[in-house]
Amino acid sequence: MKSVIFRTVAPFLSSLMMLFSIFVLLRGHNEPGGGFIGGLIAVSALAIYGIANGVETVRRAILFHPMAIAGAGLLAATVAGLISLAAGVPFMTGLWIYPSALGVEIPLSTVMLFDTGVYLVVVGAISSVALSLEERGGE
Amino acid sequence: MDIAVLTFLALGLPFVVALVAPALTRLLGHNAAWILALVPAAVFAHFLRFVPEVSNGEIVTGGYVWIPSFNVSFSWLIDGLSLTFVLLISGIGALIVLYSGGYLKGHPHQGRFFSFILMFMGSMQGLVASDSFLMLFVFWELTSITSFLLIGFDHGREAARRAALQALVVTGGGGLLLLAGLLILWNVSGITQFSLLLSFGSELKQSPFYLAVLLLVLGGAFTKSAQFPFHFWLPNAMEAPTPVSAYLHSATMVKAGVYLLMRLNPVLGGTPEWQILLPLFGVTTLVAGAALAVRQTDLKLMLAYTTMSSLGLLVMLTGLGEPYAIEAAALYLVAHALFKGALFMVAGIIDHETGSRNLTELGGLRSAMPLTFAIALGAALSMGGLPPFFGFLAKEEIYAALSAADLRSIVFAALAILGNALMFAVAFAIALNPFLGPKASTPLHPHEAPVQLWLGPAVLALKGLSLALMSGLAHRLISSPMASAIAGEPRSVEISLVPHIGAPLLLSVVTVAAGVGFYLSLARLRGAMATILADFGWGPDRGFDQFMRALVRSAVAVTRRFQSGRLDVYMTVTFILVAVVLLAIPFRYGEFPRAPFFAADVPLHELAIMIIAVAGLAAIMVAPDRLTAIVSLGVQGFAVAMIFLLYGAPDLSFTQFMIETLSVVVLALVMTRLRLSPSDHRPLRQKLPDLAIALACGLGFCLLLLRATGVPFNASLTEFFNQYSKSIAHGANVVNVIIVDFRGTDTLGEITVVMIAGLAILALVRLRAGALKRAAAGAEKVVDEQDVEERV
């Protein structure tokens, strides 16, 4: 993309969207949001970054192959289900713990791990497709 | 240890040892055979312990529950029939393992061979020991698969690969028929085990499904046991190394079909259909096999065709229904396993030591290989049915079964004499011709075989002699229990070497006389057969090739027809179907919406959003190029997202926004890669039908939605989720709680689909990129070559 303005703004925009996607993911349990939507926002962020600064830059920025990210997500989601099994309750039963850090109670759950898994699968799978389509190398 | 546990271990041991056989062979070379032969020997020793019980007429069953909900178990049934088979399989198996140690000495894949043959042995003994139908079927197919591996062992040669595939297709296909037959049997009787079926009685024979069961079971048995016209795979299977032929075609693989018929004889046998079909196919196979054997000059092929005729004889006897026929089948089966195993191994020794197994190239080997000659002679005497060998007893019993005075018996006796006499001639051609006469020059300098090679056939030939000499004991321990198991009622075999003057002996004498005649005129017979077959031209073997070609051709034709590879065709077909389903079903059941189509008071902002959506649609249709159309599609999508938002579904609307954005991006990217023309060039005559399909789909969905929303809304789920979302799932966002908690397993499945779809798309994109790269590279190469040419 030739536009200087777009290329300058894109990294900031992408970072903000990325941050927002995580916010949406985490607040999902009580407010509109969740892993699926968060993941889609993150993919959009990556797509914008890719269009502005090239696919190679994006690939470097995310460190892992997108499919590896998706795989990790699927693994996380499965593990989230299996944890319940290990705890002696049916597969995928939500388990909650409430540890305190710095005097603030933080609710953690297998459900959250599961939703994070969903987020990662969506980010990985869709960005993998988008990035490989954007790539000019094949043409 | 408990005998049931030991039996289970004995059934599983060959498979376990098959895993370590290659490593052992790497360590010890061909001497690994001495250790590996201990496995079948141990199995043999274990099952020998059942002999006293079984000879008292007891039936030993045992096993473990496998799938209790379907009444399926891993269970075994040891009676006279299965015990004889297991002893033959494991006993000959031990000798074969030793023999292949010598035969394939130094072969780079000898370890793999041991592994295959042990797996085959395990499958075969599992097959005959099975009590449950399903277990029999599993082992039945396992023998098909392992024999495929064995026949195609020499996979570098095309003939071996073809033979292996042919055997797999024919016997595996037959296995499917058998499965169908067993399933019907199960449905009719409600029984899944042979041991219960045997006491089921004659009810099955009156069932309307009897004929279907019979035909399907026969389909399985006849393909496995190489009955005419499914016999062609058997001679082709001679592409396998000789130990395989000796094993598969003496006691095992091909006997599986006969075993099945014998096993089912008490429940399926005795009916007119049984007594017509079995003898008819059997006697055809008997005569055809013997006649085809005469034509051959290759020792192994001659033996293969006589195996075919022996199988025919066994099937005929099993179905004959005359007195003594079952006893004759039991005796002949044992005799055949012994002499045919020995003769195949002798053929292998001759091949191994001289480098040739063509009858016309061999001669005068008696001084170089006296021991092999003696073994061959012993086996041939048994095969020819001469005293004092076990084959003689079998033949006497066969003729006792055929010596009735009615027309049917006379016809069958005449055909049996013809077949047996031809087999007699072939047996002595194999046992005498290579050893007698002037010395012929052979590729290798002939000398006596090493111990690993001669031990197996020697034991089998001696066994044929000793069983006959101790016939009383042999009958009490083996033949009588086996005949009783086949007949389903106590039978006792009495025949001994002492000649009984009567019709059977006379028929034997006729057979031997005719056999000697055939032997002396073998060369002439061979020429005559060759002429007949050449005149005939077409045979089932070529038929198989034609069948396979036709199958592939029709598969290609069907695939081409339905998978044109053109996306527009797929889309058209899909959407026509969607429209038909959406419109035809309400039409058929009169379920059109009755509600008023338009609400009277639509707020202004909703109306505005709808107008935006419609404007987006209109923009798509009038868009001058594809990119504009894609963006316009996004406009319509955003409008829909707005509607979701207005109706209190922020999550859905949120997602819809993101999806619309991303799909516009992805579609635009795809468009840039596809190198389509920028605008749509469809002619009007194609646009109009497409428009009609689109309108029909739209109308269908519209009606469906109106009808669905017309039904009073059942709020019980809404209430449930609202009530429990916070209290048991700790989340206020019901939609998200449903996705990740209440229906989390669903979501797990969905994200798996997303992942796999992503992988598939990635693969497609890469494939295309790779093809383009290769094409580009190819083009460059061409340019380079032209360049070089120009310079030259």
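Yeah, the Cβs are placed from backbone N, Cα and C, and that goes for glycine too.
TrEMBL entries are annotated by machine, without manual review.
According to TrEMBL, the protein has these features:
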DOMAIN    B:67-114  domain 'NADH-Ubiquinone oxidoreductase (complex I) chain 5 N-terminal'
DOMAIN    B:130-413  domain 'NADH:quinone oxidoreductase/Mrp antiporter transmembrane'
DOMAIN    B:612-675  domain 'MrpA C-terminal/MbhD'
DOMAIN    B:687-766  domain 'MrpA C-terminal/MbhE'
TRANSMEM  B:59-78  transmembrane segment
TRANSMEM  B:111-128  transmembrane segment
TRANSMEM  B:134-153  transmembrane segment
TRANSMEM  B:209-234  transmembrane segment
TRANSMEM  B:301-318  transmembrane segment
TRANSMEM  B:330-350  transmembrane segment
TRANSMEM  B:371-390  transmembrane segment
TRANSMEM  B:453-474  transmembrane segment
TRANSMEM  B:569-587  transmembrane segment
TRANSMEM  B:607-623  transmembrane segment
TRANSMEM  B:654-676  transmembrane segment
TRANSMEM  B:747-765  transmembrane segment
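Of the recorded ranges B:59-78, B:209-234, B:569-587, B:654-676, B:747-765, the transmembrane segment (B:301-318) has the largest number of C-beta contacts under 8 angstroms with B:209-234. Against the transmembrane segment (B:453-474), stretch B:371-390 has more CB pairs under 8 A than any other of B:59-78, B:371-390, B:569-587, B:747-765. With a cut-off of 8 Å between Cβ atoms, the residues of this chain six or more beyond the transmembrane segment (B:747-765) that come close are 739-740. Note on the transmembrane segment (B:607-623): residues 629, 632-640, 642-643, 646 of its chain, located 6 or more positions outside it, place their CB under 8 angstroms from a CB of the stretch. Non-local neighbours of the transmembrane segment (B:569-587) in the same chain are 690, 693-694, 696-697, 699-701, 703-704, 707; each lies 6+ residues outside the stretch with a CB under 8 Å from one of its CB atoms. Across all of the domain 'NADH-Ubiquinone oxidoreductase (complex I) chain 5 N-terminal' (B:67-114), the predicted model scores a mean pLDDT of 88. Sequence-distant contacts of the transmembrane segment (B:209-234), counting only residues of its own chain at least 6 positions beyond either end whose CB sits under 8 Å from a CB of the stretch, comprise 140, 163, 166-167, 170-171, 173-175, 177-182, 184-185, 187-188, 249, 253-258, 260-261, 264, 268, 271, 273-274, 277-278, 281-282, 284-285, 288-289, 304, 307-308, 311-312, 314-315, 539-541, 543-544. Residues in the domain 'MrpA C-terminal/MbhD' (B:612-675) partition by DSSP class (helix H, G, I; strand E, B; coil) as 57 helix, 0 strand, 7 coil.
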